[in-house]
Each structure stands twice: as C-alpha cells, then as structure tokens.
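Annotation comment: Swiss-Prot describes F2, L3, F8, R36 as substrate binding site. Swiss-Prot lists G49, E69, Q122 with the feature Mg(2+) binding site, giving sequence analysis as the kind of evidence. What Swiss-Prot lists as domain 'Nudix hydrolase' is 3-153. The motif 'Nudix box' annotation in Swiss-Prot covers 50-71.
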Amino acid sequence: MFLRQEDFAAVVRATPLISLDFIVENGQGEILLGQRLNRPAQGYWFVPGGRVCKDETLEAAFARLTQAELGVRLPLAAGTFYGVWQHFYDDNFSGEDFSTHYIVLGFRLRVAESDLRLPDAQHGSYRWLTPEQLLASDNVHENSRAYFSPDAPAVGL
C-alpha cells in the first residue's frame, strides 16, 4: 500500500521504515551503484533498494523492488541475506524538517549486466565499482560503503 505524501510524511516523522538494499555484483566482482536523485542521500552513489510497503510480504517486496530498481523481477531466493543494517539521515524525502530512520535488510545478488534494465526514476546514472574503489570514494554514501567495511558490520542477531 502506497500512502499519500502527507500520510507518508507522518509515518517517516514518527517511525522507522523497513527497506531492502541490493548489493548487486557483476561477473568481474564490481558492485552496482546509482546516483540518487531524491532525498535522503540525494546526489550520493548508493546501492539500489527501497522500502517495504504495509501488508507486503518480503517475497513480494523483493520482486517489486528488483523490478523497479534493476529492471528485472527476481524472486527472494535469488538473493543471499546479508544482515540487518541501520541507516539514519538528517533529512527526509520532502525536506530537512525531520529525519529518516531505516531498518535495512541487505541482500547480495549476482546478476549478469546484460539482464539489467536500469531505470532512471530513482537514480540519474549508474556505475560499477570494485569494493576497494567504493570504499575509497567520498561520493559513495557511508551507508553503502558500510556493506564493505570491516568497521561497520551488520547488526548482530
């Protein structure tokens, strides 16, 4: 269920969101990053992903989000669970008047580049970087760099 903007703003202001992030690796061991068009993390390079909607199963969210973010609908079984992560932002989708808090379920995926049909709704452009390159780049958001940093492990379960 997608909410009206004012209802979604009330949710973001008051609660954490649940989202899925996709750590997509190609055959050369490079990671897919998109340059975000929207807040939060606008302008930064970030792994693809998105939020889980109310009453949406993880299986349905995974399929919907891989279609929306990668241009190919994949089943949950295509991903390898990579842990629970916490993302905090000082801004939100509509501005700077309140923060955004995500609880993120990370999933690693190996996908052939030729299978992807990368959309332009959330990211203005895309690139592939090695883990070493993305760790060294200040233009890659810290929350995406954390997936490869030994100093920022997933939340223990």
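Positions of Cβ are set from backbone N, Cα and C atoms, glycine also.
Around the Cβ of F8 (substrate binding site), 16 further Cβ atoms fall within 10 Å across all displayed protein chains.
Cβ neighbour count for F2 (substrate binding site) (all protein chains, 10 Å cutoff from its Cβ): 9. According to DSSP, the secondary structure content of the motif 'Nudix box' (50-71) in residues is 13 helix, 2 strand, 7 coil. Binding of substrate is attributed in the record to F2, L3, F8, R36, and the widest Cα separation among these residues amounts to 21 Å. Take the Cα of Q122 (Mg(2+) binding site) and measure to each of the binding-site residues F2, L3, R36: the nearest one is R36.
Cβ neighbour count for E69 (Mg(2+) binding site) (all protein chains, 10 Å cutoff from its Cβ): 24.
All protein chains included, R36 (substrate binding site) registers 17 other Cβ atoms within 10 Å of its own Cβ. Spacing of F2 (substrate binding site) relative to G49 (Mg(2+) binding site) is 16 Å (Cα to Cα, whole number). Cβ neighbours within 10 Å of Q122 (Mg(2+) binding site), excluding its own Cβ and spanning all shown chains: 17. With E69 (Mg(2+) binding site) as the anchor, the candidate binding-site residues are L3, F8, R36, and the one with the nearest CA is R36.
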